[in-house]
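*Asks:* Shown below is the structure under consideration.
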Amino acid sequence: MSAVETQNLGMVPIVIEQSGRGERAYDIYSRLLRERVIFLVGPVNDQSANLVVAQLLFLESENPDKDISFYINSPGGSVSAGMSIYDTMQFIKPQVSTLCMGLAASMGAFLLAAGAKGKRFSLPNSKIMIHQPLGGAQGQATDIEIHAREILKTREQLNRILAERTGQSLEKIQNDTERDYFMSSEEAQTYGLIDQVISKRP
């Protein structure tokens, strides 16, 4: 059965390892977690953020001095969920190396830039996109006004962090995130979102 067929059936590949004590089976993600590799694939939401945060904390407890590799292929999603990942990345002792494979958009791009300086990478054909946070509110006018003010505060917070992570001016970040701003891997490197475009392992 091909990998695509396996994925369509909702199955996760299993890796069998042999040792002097016999055989042991791992799902592929658990096996990669042993190598300190974690993934964010798909939308950023409470569930995916909870899994990433738990893995970050687990790997810190395993070895607080060894880097963690964080692979990202995400269209973005919830700001609050994404910020829980961002804050945990800054909180833990190990440095987190980020790598974009495919797409890092919105909160995905924010987390890509949140990796340790000098250790933020992208594969050559990936796309990166930044924009301002989206929001929608219903209800009474006063409630809508409260939500609008909160979105503006969130935008200022995200822009300030992006300016710090990229080295761009706050004014440029504000202008560029006014609408969807797409970049190639090379453009993202020039912008300061990543440090290097890599096509092969060193």
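Numbers run from 1 along the shown chain.
Using the three backbone atoms N, Cα and C, a Cβ is placed for every residue, glycine included.
Here's the feature list from Swiss-Prot:
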type	residues	note
ACT_SITE	Ser106	active site, nucleophile
ACT_SITE	His131	active site
*Asks:* Give me the non-local Cβ neighbours of Ser106 (active site, nucleophile): same chain, 6+ apart in sequence, Cβ-Cβ under 8 Å, ordered along the sequence.
*Replies:* Val44, Pro75, Gly76, Gly77, Met129, Ile130, His131
*Asks:* How many other Cβ atoms are found within 10 Å of the Cβ atom of His131 (active site), counting all protein chains shown?
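*Replies:* Neighbour count, Cβ to Cβ under the 10 Å cut-off: 18.
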*Asks:* Could you check what DSSP calls the residue listed as 'active site' once collapsed to helix, strand or coil?
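*Replies:* Once the DSSP labels are grouped into three classes, the residue listed as 'active site' ends up as coil.
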